[in-house]
Amino acid sequence: MANKALILLAVLFCAQAVLGVTIISKSEWGGRSATSKTSLANYLSYAVIHHTAGNYCSTKAACITQLQNIQAYHMDSLGWADIGYNFLIGGDGNVYEGRGWNVMGAHATNWNSKSIGISFLGNYNTNTLTSAQITAAKGLLSDAVSRGQIVSGYILYGHRQVGSTECPGTNIWNEIRTWSNWKA
């Protein structure tokens, strides 16, 4: 039985390494618990990309500060149940858990129930994506497919395609339009 557990752990570790995704849990970054949660279906057809339009962070410590500030704003000022996004990606190349898997976000009106929301920390009208961020985002999307959160033929949108906004910023917009699942 112990051998089976070790094999399972090794498989999970290798799967994470193959996808190149390290997800920093909400508890690890000091996030608050959601006041409520709505389940999100599996095999969704869409992923929506955002930017937070705030400060850029390039270290784990700085990204944690940004995450805590964004969550406080979303919960305390906007009255939302939690941080709006399912996942966020810092300039340090880490993926940070927001609402996480299988929980409906509050990131794109009329699209929350049919998409996952992924946001980059920073303002990408002025900031530029690093190769680590691009790798993390693509790895996270691959992970979402392998987990059954989104279908393999999912459609990738920038927030501006589903709402009246500049989000996800010009620099992210120009990048994601080159990705295979992006649709005009």
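Every residue gets a Cβ built from N, Cα and C, even glycine.
Feature list (source: Swiss-Prot):
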| type | residues | note |
| --- | --- | --- |
| BINDING | His50, His159, Cys167 | Zn(2+) binding site |
| DISULFID | Cys57-Cys63 | disulfide bond |
| DOMAIN | 45-169 | domain 'N-acetylmuramoyl-L-alanine amidase' |
| SITE | Tyr85 | site 'Important for catalytic activity' |
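Here His50 (Zn(2+) binding site) is compared against the recorded positions Cys57, Cys63, Tyr85, and the shortest C-alpha distance is to Tyr85. His159 (Zn(2+) binding site) counts 23 other C-beta atoms within 10 Å of its own C-beta, drawing on all protein chains shown. Apart from His50, His159, Cys167, the Zn(2+) site neighbourhood in this chain, defined by C-beta within 8 angstroms of the site C-beta centre, holds Val48, Ile49, His51, His107, Ala108, Ser119, Gly158, Arg160, Gly163, Thr165, Pro168, Gly169. Sorting the recorded positions Cys57, Cys167 by the number of other Cβ atoms within 10 Å puts Cys167 first.
Secondary structure of the domain 'N-acetylmuramoyl-L-alanine amidase' (45-169) per DSSP, as helix, strand and coil residue counts: 41 helix, 29 strand, 55 coil.
Rounded to the nearest whole angstrom, the C-alpha distance between His159 (Zn(2+) binding site) and Cys57 (disulfide bond) is 21.
Each of the recorded positions His50, Cys63, Tyr85 was scored by the number of other CB atoms within 10 Å of its CB, and the largest score is that of Tyr85. Comparing Cys63 (disulfide bond) with Tyr85 (site 'Important for catalytic activity'), their Cα atoms are 15 Å apart once rounded. Distance between Cα atoms for Cys167 (Zn(2+) binding site) and Tyr85 (site 'Important for catalytic activity'): 13 Å, as a whole number. In this structure, the CA atom of Cys57 (disulfide bond) is 17 Å away from the CA atom of Tyr85 (site 'Important for catalytic activity').
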